[in-house]
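Novice: Below you will find the structure I want to go over with you.
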Amino acid sequence: MSKKIIYFLCTGNSCRSQMAEGWGKKILGEEWDVYSAGIEAHGLNPNAIKAMREVDIDITNQTSDQIDKDILNKADFVVTLCGDAKDKCPMTPPHVKRDHWGFEDPAKAQGTEEEKWTVFQQVRDKIGDRIKVFAKTGE
């Protein structure tokens, strides 16, 4: 039996959706093929890589991609992670379930380097917690 497809989307496929893809592969990988993309492709943020490494998830081989309409149309579940992606996400066929899990963009955090780093860790943990809830409840 083929796996279901989950597609995580955000603006630049740099931080939030990359972290979601990493968590998704770790937590949902038995039942789901996990992908991520952005409205634009900004490249992997080094702090996203570092934050995920702290929880033993390696995302260095993931790529920053724009939305692939083939994956979008084959997906079972599409999750937008920011308002921009929610507003600009292309139409999907009726069978594709869509949901919005909003998280702040850690790349836009203000303050000292330490404060900015803390935001990356917090967003990483919130995304991981949300995916764990999804794994248990399907919602």
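Any Cβ shown, glycine's included, is placed from N, Cα and C.
Pulled these from Swiss-Prot:
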ACT_SITE  CYS10  active site, nucleophile
ACT_SITE  CYS82  active site, nucleophile
ACT_SITE  CYS89  active site, nucleophile
DISULFID  CYS10-CYS82  disulfide bond
DISULFID  CYS82-CYS89  disulfide bond
Novice: If I restrict to non-local contacts, at least six residues apart, and a C-beta distance under 8 angstroms, what lies near CYS10 (active site, nucleophile) in its own chain?
Specialist: ARG16, SER17, SER36, GLY38, ILE39, THR80, LEU81, CYS82, ASP84, ALA85, ASP105
Novice: Rank the active-site residues CYS82, CYS89 by the number of other Cβ atoms within 10 Å of each Cβ and report the first-ranked residue.
Specialist: CYS82
